[in-house]
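Visitor: Supplied in structure tokens, the structure appears directly below.
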Amino acid sequence: MVLLWEPAGAWLALGLALALGPSVAAAAPRQDCTGVECPPLENCIEEALEPGACCATCVQQGCACEGYQYYDCLQGGFVRGRVPAGQSYFVDFGSTECSCPPGGGKISCQFMLCPELPPNCIEAVVVADSCPQCGQVGCVHAGHKYAAGHTVHLPPCRACHCPDAGGELICYQLPGCHGNFSDAEEGDPERHYEDPYSYDQEVAEVEAATALGGEVQAGAVQAGAGGPPAALGGGSQPLSTIQAPPWPAVLPRPTAAAALGPPAPVQAKARRVTEDSEEEEEEEEEREEMAVTEQLAAGGHRGLDGLPTTAPAGPSLPIQEERAEAGARAEAGARPEENLILDAQATSRSTGPEGVTHAPSLGKAALVPTQAVPGSPRDPVKPSPHNILSTSLPDAAWIPPTREVPRKPQVLPHSHVEEDTDPNSVHSIPRSSPEGSTKDLIETCCAAGQQWAIDNDECLEIPESGTEDNVCRTAQRHCCVSYLQEKSCMAGVLGAKEGETCGAEDNDSCGISLYKQCCDCCGLGLRVRAEGQSCESNPNLGYPCNHVMLSCCEGEEPLIVPEVRRPPEPAAAPRRVSEAEMAGREALSLGTEAELPNSLPGDDQDECLLLPGELCQHLCINTVGSYHCACFPGFSLQDDGRTCRPEGHPPQPEAPQEPALKSEFSQVASNTIPLPLPQPNTCKDNGPCKQVCSTVGGSAICSCFPGYAIMADGVSCEDINECVTDLHTCSRGEHCVNTLGSFHCYKALTCEPGYALKDGECEDVDECAMGTHTCQPGFLCQNTKGSFYCQARQRCMDGFLQDPEGNCVDINECTSLSEPCRPGFSCINTVGSYTCQRNPLICARGYHASDDGTKCVDVNECETGVHRCGEGQVCHNLPGSYRCDCKAGFQRDAFGRGCIDVNECWASPGRLCQHTCENTLGSYRCSCASGFLLAADGKRCEDVNECEAQRCSQECANIYGSYQCYCRQGYQLAEDGHTCTDIDECAQGAGILCTFRCLNVPGSYQCACPEQGYTMTANGRSCKDVDECALGTHNCSEAETCHNIQGSFRCLRFECPPNYVQVSKTKCERTTCHDFLECQNSPARITHYQLNFQTGLLVPAHIFRIGPAPAFTGDTIALNIIKGNEEGYFGTRRLNAYTGVVYLQRAVLEPRDFALDVEMKLWRQGSVTTFLAKMHIFFTTFAL
């Protein structure tokens, strides 16, 4: 018995292998299985064909592994992807059990029980079709949840830290604070329990004043008015209150503060007290603000220049107040300087000229003036133009992050202006001193305008505090409008991609929405892409339509940066940050993720949106904690990482730094952190260029798209005629035709005479229009396809004459000719001709006039056919008459007028013919019946031997008067009864006799297999695939791997790229990577897979499952087909957070090979790892 593995449900078991050998085949005679129909073997994975039997029997039932299940079955120990009935295996690291039901059939998979969530999980993430996962671990205290790794401030003087693994809060006392340290929270200010970090403003002010121990007096601004107790390691909150105190007679020496801004803005809720108390506070604040304004105007101070209301955002780091330094100065008898409390970044201080302390910062400062020390001198001091108002806060007045909000495009911190009497209002105070920088003012006011657009979605109601100048109001207005336009444009692009109607926005009250324009332009790009045409820029569309059209045509999607959770380093009790430690830190970090110690989803800021058009020349791509620049196609990034130059142009040397910039920073101390100087964007709105603008060395350089050349003016572009300049790539036998920006190659054609080649086709030549005809004068040229003909111009026909007016008139031949008619005829003129009419001559009956009309001659009625002799009569002419006689076999009728036939058969019945007598006109004829032949005498009949004439194509039997034809086996008698036609057994038993191809032969049939890749089995009907790889009949080289497919094989080469080492036959692992980006973006492992499928597979069908091994809680993957799916046959889908599949979404109807590169990115514990699966997919016809 020989076993044969066949797919489950094979309908015909004729697959006996040829492995029986020649000896066995010779011993067992071939069994004739004609007409035998074998029953289908349902769910059979192992078959056997007994010697001499026509039908196979099932040895074992089971399930056949299909698609991506094939690899799971192999890993489960089931050879060749066949699972016996009743057995099972595990996938997805034991989370799913796949089993084959009793009796075989389809494999069904069932998820196992979900694992328990880890302890200290404060937030569970539920994903469809997946187990719940822990989204965040942390601590639970007094009914509130705190994220792991965060330090929070619990009033009045406690700082509590949640460990990285969660659990219980670790609390300690804040240094220098003398409050109540009981754990009871009954005395806490009213907390909004939907946000455990949000407190009411009024109570926070009271507690902050209490914690100061009397340092802050009634006239001071309460720093706590802006928010709740702070999370020491978290984000920051926009400054919500800047209140000016009554200006003292003696000003203390101020501390300069430069704020760069906090991370993404968050919102804090505040409750209000009674209406009476609010009105009193507002009146008091108005008086205080008026006092500050008057004092600023009188003394020429810069006011709050050191505290811009908004500024670019930066990373957040915890800091401490340098209280020891201030205490030392107070003990020495000097007037204490105001302390600057920062809520985001560490501060480095340096003392500049005139004792001014510079405090560069990356956070927002809350300013509170301290009261003068009792006993200090109060003599008036003339304000210095360098003095800057600065205030101090208690150490515990940190501003924490409130609850996270859904991430939006990150913009500048919240600083919109509400009402003049609002105690939480923020005004953009312009710089009034000569040293004030207009550029800084524009940035500050622009940020306020953007924030107003974010909060209010309009730009018409921006309030004016009365202190802004025209520069600030202009910047606010234009930045607000620009943000709304960009937002509406992005919405229009998304609407076009979702197939929405590109209509105007209903809520466009300002009339600045770009929704319809961007939607229409994106629709243009999508249509070009759908038609399969190349995506080319069209500068005539203008900005942003050209950019939007090109982006949608090329299918560019916004970069989606995954949210990365990085647990912070465990922090001990707050310590003092020295100046030396902070001196070397950067003011604005745009580095890698390692510079974000407390990164959680939503903490990252999009620097590309914060500084649009300033960071990169072409494209700015935001990353977690940083950004990087990219260039348009045809350009390369320069060494500075932000500017682009056309490919092929040498890099321009960097412009030397302006001396003015050097002198501007010469006054800053060595430990002051300089701010990055934004480069001017000379290519904004494409600059002066018509096509491509590039910034090189601070100047705009124009270049052109491929196929164009720069003109003499340096900004315009003209088309290059590649056909004339010999820049085309047309081969021999082709001719070049120039187009705008490119060219086309047309195959050279030889046209027949009369045709000329045009646009690759032979077109007719109009010889008449070109004047190349050969028509003589007096002829008119008429063009035809491939030729022409000459048509004579108008002339008169015969019998007409042209008059002087060109008209044709009749000629009277009777008068113009001398003798138009013969003698005896008269001339009669007609139109265009004439006739001759005989002269009248009267003759008797039976006579007519002679040719000359002079005499009468006899009419021969028998020759002219004017006689009236009947059928069977003979005409004899007589002078002036004729006579009718009867023919032989006829006789006259009883009246003697006509002739009738004599019926000889009736006159002598049975005596004239042996078989049949047939009467004819004037005679008779003898005939014989079928099968007989008339004898020579014309009367007798003789039998005919039809078989001698070989009328039958095969066998013949003669009988008396007839014959009978017979056919051999395998033939049948045709309808004519003579011909034997072959019986087409293949047509009668279509699909039953042979599994692949049935060849009809005379009298029988033969089964055939494909010429290559298959061999005939012992039953002579079915075909079996030849495994060339196992038999060694392939032609693959030693460096290639043979892979068998149905009916053929493929030679695959598994080579590892540079910087990779081959760890197995189909796996390559990366050896090293030079930097973080290369480690993140280059694949850590490259694995080759081979998949075989049959054509006509129903879609959608999962063909491959992919995921990390092993998987851990919190793992997240993203799949993407980066190569080989240009025709869209395949797609990717996630089954759960850590498992995805590649599926067939378009039916493959013909044999075809695919080579896919599937990239999987794994997010695990804050890091990203890339894996690459190279899949060789082969679709073949059904098994034979």
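Glycine is treated like the rest: Cβ placed from N, Cα and C.
Got these off Swiss-Prot a minute ago, pasting:
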{"type": "REGION", "residues": "221-293", "note": "region 'Disordered'"}
{"type": "COMPBIAS", "residues": "276-288", "note": "compositional bias 'Acidic residues'"}
{"type": "REGION", "residues": "399-437", "note": "region 'Disordered'"}
{"type": "COMPBIAS", "residues": "423-436", "note": "compositional bias 'Polar residues'"}
{"type": "DISULFID", "residues": "CYS446-CYS479", "note": "disulfide bond"}
{"type": "DISULFID", "residues": "CYS489-CYS518", "note": "disulfide bond"}
{"type": "DOMAIN", "residues": "521-553", "note": "domain 'Anaphylatoxin-like 3'"}
{"type": "DISULFID", "residues": "CYS704-CYS717", "note": "disulfide bond"}
{"type": "DISULFID", "residues": "CYS723-CYS736", "note": "disulfide bond"}
{"type": "DISULFID", "residues": "CYS730-CYS745", "note": "disulfide bond"}
{"type": "DISULFID", "residues": "CYS751-CYS762", "note": "disulfide bond"}
{"type": "DISULFID", "residues": "CYS768-CYS781", "note": "disulfide bond"}
{"type": "DISULFID", "residues": "CYS821-CYS836", "note": "disulfide bond"}
{"type": "DISULFID", "residues": "CYS862-CYS875", "note": "disulfide bond"}
{"type": "DISULFID", "residues": "CYS869-CYS884", "note": "disulfide bond"}
{"type": "DISULFID", "residues": "CYS905-CYS917", "note": "disulfide bond"}
{"type": "DOMAIN", "residues": "943-981", "note": "domain 'EGF-like 8'"}
{"type": "DISULFID", "residues": "CYS1056-CYS1068", "note": "disulfide bond"}
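I'd like to know what surrounds each of these features in this structure.
Guide: DSSP classifies CYS479 (disulfide bond) as helix under the three-state reduction.
Cβ neighbour count for CYS489 (disulfide bond) (all protein chains, 10 Å cutoff from its Cβ): 23. Annotation note: CYS489 (disulfide bond) sits in a helical segment as assigned by DSSP.
If one looks beyond the domain 'Anaphylatoxin-like 3' (521-553) by at least 6 residues along the same chain, the residues whose Cβ comes under 8 Å of a Cβ in the stretch are 489, 492-493, 496-497, 502, 514, 685-686, 690-691, 705, 741.
Under DSSP, CYS704 (disulfide bond) is assigned to coil, being neither helix nor strand in the three-state scheme. For CYS704 (disulfide bond), other Cβ atoms within 10 Å of its Cβ number 21.
When other Cβ atoms within 10 Å of the Cβ of CYS723 (disulfide bond) are tallied across all protein chains shown, the result is 17. In the three-state DSSP scheme, CYS723 (disulfide bond) is classed as coil.
Around CYS745 (disulfide bond), the C-beta neighbours below 8 angstroms that are at least 6 residues distant in the chain are HIS728, THR729, CYS730, SER731, GLU734, HIS735, CYS736, VAL737.
Around the Cβ of CYS751 (disulfide bond), the number of neighbouring Cβ atoms within 10 Å comes to 15. CYS751 (disulfide bond) carries neither a helix nor a strand DSSP state and counts as coil.
In this structure, CYS768 (disulfide bond) is part of a helix by DSSP. Taking a C-beta cut-off of under 8 angstroms and a sequence separation of 6 or more, CYS768 (disulfide bond) has the following same-chain neighbours: CYS781, GLN782, ASN783, PHE788.
Of all Cβ atoms in the protein chains displayed, 14 besides its own lie within 10 Å of the Cβ of CYS836 (disulfide bond). Secondary structure at CYS836 (disulfide bond), taken from DSSP and collapsed to helix, strand or coil, is strand.
Around CYS875 (disulfide bond), a 10 Å sphere centred on its CB holds 17 further CB atoms from the protein chains shown.
Note: CYS884 (disulfide bond) has non-local neighbours HIS867, ARG868, CYS869, GLY870, GLN873, VAL874, CYS875, HIS876, i.e. same-chain residues 6+ apart with C-beta under 8 A of its own C-beta.
Counting every protein chain shown, 18 other Cβ atoms lie within 10 Å of the Cβ of CYS905 (disulfide bond).
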Visitor: I'm checking region-level scores; what's the whole-number mean pLDDT for the domain 'EGF-like 8' (943-981)?
Guide: 89
Visitor: Rounded to the nearest Å, what's the C-alpha distance separating CYS446 (disulfide bond) and CYS489 (disulfide bond)? Just drop the number here, would you?
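Guide: About 20 Å separate the Cα atoms of these two residues.
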Visitor: I'm trying to understand the geometry here, so how far is the Cα atom of CYS518 (disulfide bond) from the Cα atom of CYS723 (disulfide bond), in Å to the nearest whole number?
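Guide: Taking the Cα atoms only, CYS518 (disulfide bond) lies 37 Å from CYS723 (disulfide bond).
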Visitor: Could you give the number of helix, strand and coil residues in the domain 'EGF-like 8' (943-981) as assigned by DSSP?
Guide: 4 helix, 16 strand, 19 coil
Visitor: Can you tell me the three-state DSSP label for CYS730 (disulfide bond)?
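Guide: Coil, per DSSP.
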Visitor: Write down the Cα-Cα distance for CYS479 (disulfide bond) and CYS489 (disulfide bond), rounded and given in Å.
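Guide: A Cα-Cα distance of 15 Å.
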Visitor: Rounded to a whole angstrom, what is the C-alpha distance between CYS479 (disulfide bond) and CYS836 (disulfide bond)?
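Guide: If we compare the Cα positions of CYS479 (disulfide bond) and CYS836 (disulfide bond), the gap is 110 Å.
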Visitor: Taking the Cβ of CYS1056 (disulfide bond) as the reference point, list residues of the same chain whose Cβ is under 8 angstroms away and which are at least six residues distant in sequence.
Guide: GLN1062, CYS1068, ILE1086
Visitor: Work out, from DSSP, the number of helix, strand and coil residues along the domain 'Anaphylatoxin-like 3' (521-553).
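Guide: Taking the domain 'Anaphylatoxin-like 3' (521-553) as a whole: 22 helix, 0 strand, 11 coil.
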Visitor: Are there any residues at least 6 positions away along the chain from CYS821 (disulfide bond) with a Cβ closer than 8 Å to its Cβ? List them or say none.
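Guide: Listed in sequence order, they are CYS827, CYS836.
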Visitor: Test of understanding: give the count of other CB atoms lying within 10 angstroms of the CB of CYS479 (disulfide bond).
Guide: 25
